[in-house]
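Okay, structure first, notes after.
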Amino acid sequence: MDLNDQQWQHEQRRVDQVTEKIAVRKGALEAEVGVVRSDVVELRKDFWDEVRVNFSSADDLGETSTSLRQQSQVLSERERAHLQSSETLKKLKLLSKSPYFGRIDFKENGDERTEQIYLGIASFLDDDQETFLIYDWRAPVSSLYYDGAPGPASYQTPSGEIGGTMELKRQFAIRDGHIKAMFDTGVTIGDELLQQVLSHSSDHQMKSIVATIQKEQNAVIRNDKSRMLVVQGAAGSGKTSAALQRVAYLLYKYRETLKADQIILFSPNPMFNSYVSSVLPELGEDNMLQTTFQAYLEHRLSREFDLEDVFSQLESILKAEDGPWLKVKRASIGYKSSTHFLETIRRYKDDLEQTGMKFKPVRFKGRLIVSEEVMLEKFYSFDPAVRLANRVELMRDWLLKELARFAKNERTASWVDDQIELLDPDEYQKAYTRMRRKQTGKDAGFDDYERERSLLAKMVVNEWLKPVRKWIKRKRFVDVKAMYIELFTNRELFLRVSGEAGIPDEWDEASRQTVSMIQEGKLAYEDVTPYLYLEDLVKGFRVNNVIRHVFIDEVQDYSPFQLEYVKRIFPRARMTALGDLNQGIYAHTNALGGSLESLTQLYGAEDTEVVSLTRSYRSTLEIVDFTRGMMPGGESIIPFNRSGEKPLIQLADSREKLHRGIVEDIRHLNGQGYEHTAIICKTAEECEQVYDSLKDELPLKKISKTTPSFVTGTLVIPSYLAKGVEFDAVVIYDASENSYFRESERKLFYTVCTRAMHLLHIHSLGTPCRFIRDTGEEKYIVQP
Ligand SMILES: Nc1ncnc2c1ncn2[C@@H]1O[C@H](COP(=O)(O)OP(=O)(O)OP(=O)(O)O)[C@@H](O)[C@H]1O
C-alpha cells in the first residue's frame, strides 16, 4: 500500500469516526427535540389552566398578571430551547451527509504541536466539548484555508494576528460518508476539485461554493470594514455566489446581533429570487429577505399609477424601429436616470422651500374645507428655517385641527339628522355601546334626547370624515403629481433648477410625452424613481431602520437615482453592490456612464471599497475566449481552465430552416444529457412566436416576467430575463444582424452568450450580427 492509499484510508477512518459521532449526537438531539416539542405543545394547550385568573380586586389582578408572566416565560424559554435544538439538528443533518471538505495542518508560532483543522459548514465539537472535530468555514482560523498556501501563514482574530506555518492543505469531496476525492493543494484551492464542480450540469437552483471559494472571492465574503463594498466582476466570476456566502458569513460573525431578516437582497427579477433561495439553507442558514426594486416601486406607487416596469420599457425599446419616438425615449431615459436630473430634483426641492408647493384642497361632500390658496399661505407662513418635509408635517397637524373644527360645526347639519334617522337598530346599538364605553366614568347614557342626538351626531360626522382624516394623515394633500408635471411644463422653473446641464436633448417632446402619460394615469419606468424621490423629499422618506445589510445584485442595472434612493430608505444599512459594467442591458444603465463612479460616490470614497473579480468560472475556456472578444477590454477576463467545445455558429437562409436547425440542435443536446438548456430570444414577443412554432416538436417551457421560479428543461426565455442565471447549453434563437442591429445591444448580446456553462450554439437567420464578427470567429456552419 503506498502512502497515498494509507493517507486515504486514514482519512476515511476519521470520516467514519466523525460521522458516527455526528449520528449519535443527532439521534440524541432528535429525541430531545421531540420531548421539547411536546413540552411546548402541552404548555400551549394548558396555558390557561396553569394561570390563576382572577380580576375581582386589584390584588387579584396583580397576582393574575404575575402568574400570566411566569407562564409565558416558561413557554418562551421552552420555545427558545426548541428553536435552538432544531437549528443544531438542521446543521447536524447537513454535516452527516458531508462532514467536511477541507483540512489544514497549522503550527502556530511558539507551539510544539501541529493542529489538524478540518473545515465544514458548521462546527462540531468532540464529546469533551473542547476539541473541534470540525471547524466552521467562517471561523477566523478557516480563512487560512481560503487565503493561505503551505508555508508561513497567518490569520486575523478579534484579538490580533496569529502567525505560524501551514504544513498541509487538503481538499475532500465526501458524499454519504465516503471520500470520493482527495487532493493536496498549493496556493489556491486546487483546480482539480473546482474542475469537478464546474463540469457538473447546471441546475435551476444555485449551489453553495463553500468548498471551493477562491482567494479573491474570500476577500468579498469576509470584508466588513467599509460601509459600501462594490464588487465589479466579469460574467460568471462568482459575484452572486460570493454575495450569498457573504450573507452566511455575516450571519455567523455577528450571530449575537444580526438575524437573516435584517439583510435584504435586491434581485434582478422575481425568478432570480427562487434561483438563489436554496444556497443559504444548504449552508444551514435562514434565507435573507429578497425583493426586486420593481416590487418596491409597485408597493409605493401602484395605487396611484399604472407603472411601466423595466422589462416592458426594454421590450418596447428593443422592438422599436429607429425613428423619432426611439430618439426621444432614449434621450428621456438617459436624462431622467442621470445624476443631473437627481441634482435637478434636489434643487427643485430647495426651490419649493421658497415657493411653488402644490396642494389639493380639502373637500368634503363636494364642499371646500380648506382651499389650496389658504393652504399655500399657511404653508409659507411656517418658519422657513424648518425643513420642507417637517413643514409638511406641521401642515398636516394644522389641517387635522381645521378638520376637527369643521367636524364640530358640521354636527348640526341637516344631513347628519338624516343619517341618524337611517341608522338601523344594530348600528344604533353599536353606537350606543361605543358611546357608553367612551363615556365610562362620565355622565353615562342616552338620558335625554338632546344628549343622545349630540352624541350620535358626533359619531356620524366622525365616521363620515374618517376618509378625509386618513387622507390628511397620509399627506395626500401634497399634490406631488402636479409638482412633477410643473417641472415639465414650466420652462422658467426648469431652467432655474436644472443647473449647468441646462435643457437636455429632445426635452420639449420628452416633456410633452411625460405629461400626457401622467395625465392618463401612467408612469414610465424612467419617471418612477424621480417621482418617488421628489415625493419623499417633500413628504419625508419612509425609512427602514431594521435592515443592516443591503445587497444589490446586477447593480449595473440601477441608475444613480435608484441607488441614491436605496441608500436613503435603509439609513442604518451597509451596502454590498455587485455588478458587471459589461452587462448593463437597460437603456438607463448608460447613466452609470460605464464607470463605477456613481457607486463610489454614494457613500464617499473613504467609506467605499472596490474589489474586482476577473476570473470567470461559469463557462468553458472556449466560450469565455469567444465572448470576451465582443467586449472592449475583454482581454482582462481570465477564463478558468476548463475545456469544452468551441461555440457553434449556424446560419440559415430561411425561418423554416432556422427552426429546423434549432429543433435538431435541442434534440441532439437532450440526447447528450444536457437537460437544462435555454433558447434565448431577444424579446418576449419573439419568445411567443418561437414557442408557438416549436412547441409541438419540442417539450418547451416558456418563461415570462411573471414566471415565479425557474424549472429544468428546455426554456424559451427573453434575453433580459436570462440575467444572472446559467444553463448547460444556450441556444441563441436568431443572432443575425437584422435582429441585434444596434451598437446599444452589444451588452445584451454579451450577457445572453455568457449564460452558457458548457455549450453555446448560436443560430442566425442570415449574416451574423457585428458582435459575433468582432470575436474574430469566422467559421460558420450553413444549415443545408
Ligand atoms: N469558487 C467557486 N467554486 C465553484 N463554483 C464557482 C465558484 N465561483 C463561481 N462558481 C460558479 O460559477 C458560476 C457563476 O457564478 P455566479 O452566478 O455567482 O457568477 P456572477 O459573477 O454572479 O455571474 P453573472 O454576472 O454572469 O450573472 C456558478 O455556477 C457558480 O457556482
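Yeah, the Cβs are placed from backbone N, Cα and C, and that goes for glycine too.
Model, not experiment: these values are computed from the prediction.
Feature annotations, courtesy of TrEMBL:
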BINDING   Gly233, Ala234, Ala235, Gly236, Ser237, Gly238, Lys239, Thr240  ATP binding site
DOMAIN    212-620  domain 'UvrD-like helicase ATP-binding'
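The record gives Gly233, Ala234, Ala235, Gly236, Ser237, Gly238, Lys239, Thr240 for ATP. Within 8 Å of the mean position of their Cβ atoms, the other Cβ atoms in that chain belong to Ser241, Asp580, Leu613, Ser616, Tyr617, Arg618. Taken residue by residue with DSSP, Thr240 (ATP binding site) is part of a helix. In sequence order, Asp580, Asn582, Leu613, Thr614, Arg615, Ser616, Arg628, Ser636, Ile637, Ile638 are the residues near Ala234 (ATP binding site), counting only same-chain partners six or more apart with C-beta under 8 A. DSSP assigns Gly233 (ATP binding site) to a strand.
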